[in-house]
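Q: The following feature annotations were taken from Swiss-Prot:
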type     : residues      : note
SIGNAL   : 1-26          : signal peptide
DISULFID : Cys32-Cys47   : disulfide bond
DISULFID : Cys100-Cys140 : disulfide bond
Amino acid sequence: MRMSKALAAVVAISVSLSAAAMGVDATVESTCSDAAASDKRVHLAMCLSQLGHHRDADAWGLAKAATLVGVDKADLAADDIKELEAGASTAGIKPALAECAKQYRGVGFAFASAHDVINNRAYDVGEKKLDEALSLTQKCNAAFAKIGVPLQQPLAQLTADTIQIAIIAKAITCLVNVNNNPALVAAAAAAAAAKAPQQSQYP
């Protein structure tokens with residue numbers, strides 16, 4: 001169902017007020033809003049909260065910043081896994097924890113690699129690295145689902161956050177990629193024009 005113009009205006013105002021309350025720079029606000037519009041999986045509030053302090057960054061800088069948030073989330077998850085593995089009551093889930101530990105090593109590396117290639121403006125490669133980070137993180141969820149046990153906190157929240165930041169980072173990287181590729185810009189403009197309602201040539 002298409003959002004009415006009035007409702008869309010209310011949503012836009014709400015986002016602006018929320019961003020202002022957090023002290024978010026206008027570039028961060030617009031980039032996160034564009035990312036959320038381009039990929040419905042993007043959680044706008046998380047994008048604003050995680051990237052809002054990067055006041056001087058353009059979209060390219062925000063894409064790189066998001067990958068570093070991903071590295072940090074992966075490191076925190078790895079530390080939490082070690083603590084869970086050391087617990088006396090986790091014998092039944094230790095194989096799943098071992099699988100998560102293995103996957104999160106790859107997650108951190110994928111985010112770090114994404115940062116490096118995005119910094120070199122190899123956006124397509126960066127998008128693939130972020131897909132890899134997302135896939136590896138989801139394998140931790142799958143390891144616990146296989147034994148029918150939910151992830152314990154705070155690992156569950158860290159995993160959800162890592163998945164979300166991979167989605168956010170890729171969405172922003174895609175925006176930068178499109179904006180820096182004349183052919184993609186032209187294709188996007190043509191697609192938007194094709195979707196726009198046609199005005200009659202008659203009064």
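Placed from the backbone N, Cα and C atoms, the Cβ positions cover glycine too.
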Q: To the nearest Å, how far is the Cα of Cys47 (disulfide bond) from the Cα of Cys140 (disulfide bond)?
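A: Cys47 (disulfide bond) and Cys140 (disulfide bond) have their Cα atoms 23 Å apart.
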Q: If I take the alpha carbons of Cys32 (disulfide bond) and Cys140 (disulfide bond), what is the distance between them in whole Å?
A: 27
Q: In sequence order, what residues of the same chain, 6+ apart, have a Cβ less than 8 Å from the Cβ of Cys140 (disulfide bond)?
A: Ala77, Glu99, Cys100, Gln103, Tyr104, Leu151, Leu155, Thr159
